[in-house]
Amino acid sequence: MIDRDKHQQLRIGLASPEQICAWSKRILPNGRIVGQVTKPYTLHYKTNEPEKDGSFCERIFGPIKSGVCACGNSRVIGNEKENSKFCEQCGVEFVDSRIRRYRMGYIELACPVVHVWYSKRLPSYIANLLAKPLKESEGPVYCDLFIARPIANKPTSLRSRGPFKYEIQSWRDIIPHYFSARGFGAFRHREIATGGDAIREQLAGLNLQILMDRSYMEWKRLGKQKSAGNGWGDRKIQRRKDFSVRRMKLAKHFLQTDIEPEWMVLCPLPVLPPELRPIVQLGGGELITSDPNELYRRVIYRNNTLTDLLARSRSTPGGLVICQKKLVQEAVDALLDNGIRGQPMRDSHDRPYKSFSDVIEGKEGRSRENLLGKRVDYSGRSVIVVGPSLPLHQCGLPREIAIELFQAFVIRGLIRRHFAPNLRAAKSIIRDKEPIVWEVLQGVMQGHPVSLNRAPTLHRLGIQAFQPILVEGRAIRLHPLVCGGFNADSDGDQMAVHVPLSLEAQAEARLLMFSHTNLLSPAIGDPISVPTQDMLLGLYILTVGNNQGIYGNRYHPYYSKYKIFSCKKPSFYSYDDALGAHWQKRIELDSPLWFRWGVGLRIITSVDREAPIEVQYESLGIFHEIYEHYRIGKNEVGEILSIYIRTTVGRIRFDREIEEAIQGFSRASEHPNKSLPAIII
């Protein structure tokens, strides 16, 4: 088993035949070697006990009951006084039955079998290494083509002929070139190969360093060629360059990982532990078996048949042996990836068997369903909605979710503050949802961040930390600017919330994962928290006016009914006065008004030196210069007394939000150790 304290990472790759045998072979104290599965049986039909040397054998995989052998004898596990650790009659070790979850077996194949993942899937690694088309590399795998053995790499006329099919006419054309048909059997065994033997010998004869150097030289030569002037020639050169790059990468990977190419051809076939492919007995005595058991059974049946044919090879026709090799290859293909070559193997109910590929890949496979998508404690899930009033670093957590996530902390708080004497009383208070519960919960959440995650997590910003606050409803609320990092929108997307428990996790969340510290894309450095279409539309509606300029809509029919608005617009001296009038519905969001501006503040217009439209004089010498978007009041000596700008309530509100945001960032930069204040962006 893998010790998580000793191993920090897990790498999946090819295993050598020696490694596969080392996983399974064991030497018993009496000197017998066990581990090889030779019989296609699983359980005895009368006793439901595992068959000896079958795919559920207790001698190979361990006892079904801890410390009990197949004979029924028992030993105390871990008792040093017991001399024998295995049964001398049946050969079963007295160990824990959990060993059947990870102890493996193996099947010694009568002929090498090519792993279908590396021959049939695109790109085909075997075809790339051998520099052959996919059909030509698959022909020898299923005994459809024969090739000459690479004996001392001599350029014989047979090798120069290329692959040929197993046909009577083909043999008749080849035999007269060499000798009579009397010694053709020995000649075929020595000079001609097919099946996994042929592919394995070709892969074993490769020099990866020379292959990589030649591919690099070819890529370099093709790169120097000028364009042919037609699309077909250029595409052909580009395909050849891509092929050279794939060969270089593949050869480099084999060299760096110390993996031999011939390991893509299986000689011993590993057998999964029986607990990973169980047989379940129903109430009526009926047995239900896993699909890999049936696929293993077919492999063992066909492999044993091939072994018998090879044992009496003198009396067995060569075509029968070749046909049986093809059946073994197809059985192993169905075990690894059923249906990859067309029609899958089916059971009696016409249902395709689930192979290893079906169990591993896909959304419901082992990786995504059981390893990556496992539910964990202190986590929840809900739909997300927009919370525009939230600061950038906060998220709204529903009360129902928050009380479940922080229940342990709330119980501790209730007991510490003497609101509950014990655990049962604290849970009763939480169940009744008394007001003190929400007070304690808010205190707990104030200093505890949470992590939000939206699947699929394609980059670092798929998980970010937030300061939670309690909200009503059942949906998680998020600031709209952080949705870009999650690639989320508010049309029904769901997000998971996790509570970091350890101090290290909380420190990481505060220092590295808070949303206000992840404003730039880690890939290209561009801003990722930018306004989207809905926010831009809202800003446009907030800042647009219903008319432009001082003369805009002067003769609109609406103002002809209300003369006071046609001649004089309301004036306000502060933000609060203007916003208060809007909340009292005296003016609309886009209604034009005069707003008092600071005398020392600059007025930015589209024209540098704008001439006044008109000048209005009063009796005391005070006059007003009226411009397109503002007016200036001056005394008789020309000193500025007042400035009013023409704006709307929406623009005043937008300006105030920007001002508060800038002040908030200024305070945060002056006190970097304090938490970020509530900023509305």
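These residue numbers are counts, starting from 1, taken along the chain as shown.
Even glycines carry a Cβ here, placed using N, Cα and C.
Predicted, not measured: the structure shown is a model, and the values here were computed from it.
In this structure, CYS71 (Zn(2+) binding site) belongs to neither helix nor strand by DSSP; it is coil. Counting every protein chain shown, 12 other Cβ atoms lie within 10 Å of the Cβ of CYS71 (Zn(2+) binding site). Residues annotated as Zn(2+) binding site in Swiss-Prot, with sequence analysis given as evidence: CYS69, CYS71, CYS87, CYS90.
Residues annotated as Mg(2+) binding site in Swiss-Prot: ASP489, ASP491, ASP493. Sequence-distant neighbours of ASP493 (Mg(2+) binding site) (same chain, 6+ apart, CB under 8 A from its CB) are VAL383, ILE384, ARG454.
Taking the centroid of the Cβ atoms of CYS69, CYS71, CYS87, CYS90 as the Zn(2+) site, the other same-chain residues with Cβ within 8 Å of it are ALA70, GLY72, ASN73, PHE86, GLU88, GLN89, GLY91, VAL92. Ranked by CA distance from ASP491 (Mg(2+) binding site), the binding-site residues CYS69, CYS71, CYS87, CYS90 have CYS69 at the top as the closest. What surrounds the Mg(2+) site, by Cβ distance within 8 Å of the Cβ centroid and not counting ASP489, ASP491, ASP493, is the set ILE384, ALA488, SER490, GLY492 from the same chain. CYS87 (Zn(2+) binding site) sits 64 Å from ASP489 (Mg(2+) binding site), taking the CA atoms of both as reference points. Closest by Cα distance to ASP489 (Mg(2+) binding site), from the binding-site residues CYS69, CYS71, CYS90, is CYS69.
Look at the binding-site residues ASP489, ASP491 and count other Cβ atoms within 10 Å of each Cβ; ASP491 has the fewest. Around CYS69 (Zn(2+) binding site), a 10 Å sphere centred on its CB holds 22 further CB atoms from the protein chains shown.
Taking every protein chain shown into account, CYS87, CYS90 are the binding-site residues, and of these the Cβ with the most other Cβ atoms within 10 Å belongs to CYS87.
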